[in-house]
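Peer 1: Per TrEMBL, the feature disulfide bond maps to Cys38-Cys51, Cys73-Cys81, Cys76-Cys84.
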Amino acid sequence: DGDLKFSLESVKKLKKLMDENRHINPHMAVSTANYSPCDEKDLPGEFQSVCKREDATMVFERLYLAVQEVDLCEICANAACSGCF
């Protein structure tokens, strides 16, 4: 995300945390844009620096959206892959 870099495994854990903390009732669902996982005990340590930023919720939202298509991320994580965005 911009000049920030995180491991794919940590971003997958972030997505899992964010998925677990959404309410089941769609009328009561918490938007991931309004949710910050900074208080979660299972948040990978490499995200602690993000929690100190004013734009933390936006950074987490972009990371969450980036791993919606997990197979694409697995392909793009390959160093030999070209053309991935």
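Think of each number as a place in line: the chain as shown, counted from 1.
The backbone N, Cα and C atoms fix where each Cβ goes, glycine too.
Unlike curated records, TrEMBL annotations are generated automatically.
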Peer 1: If you draw a 10 Å sphere around the Cβ of Cys38 (disulfide bond), how many other Cβ atoms fall inside it, taking every protein chain shown into account?
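Peer 2: For Cys38 (disulfide bond), the count of other Cβ atoms within 10 Å is 14.
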Peer 1: Which residues, sitting 6 or more apart from Cys51 (disulfide bond) on the same chain, put a CB under 8 Å from its CB?
Peer 2: Ser36, Cys38, Leu43
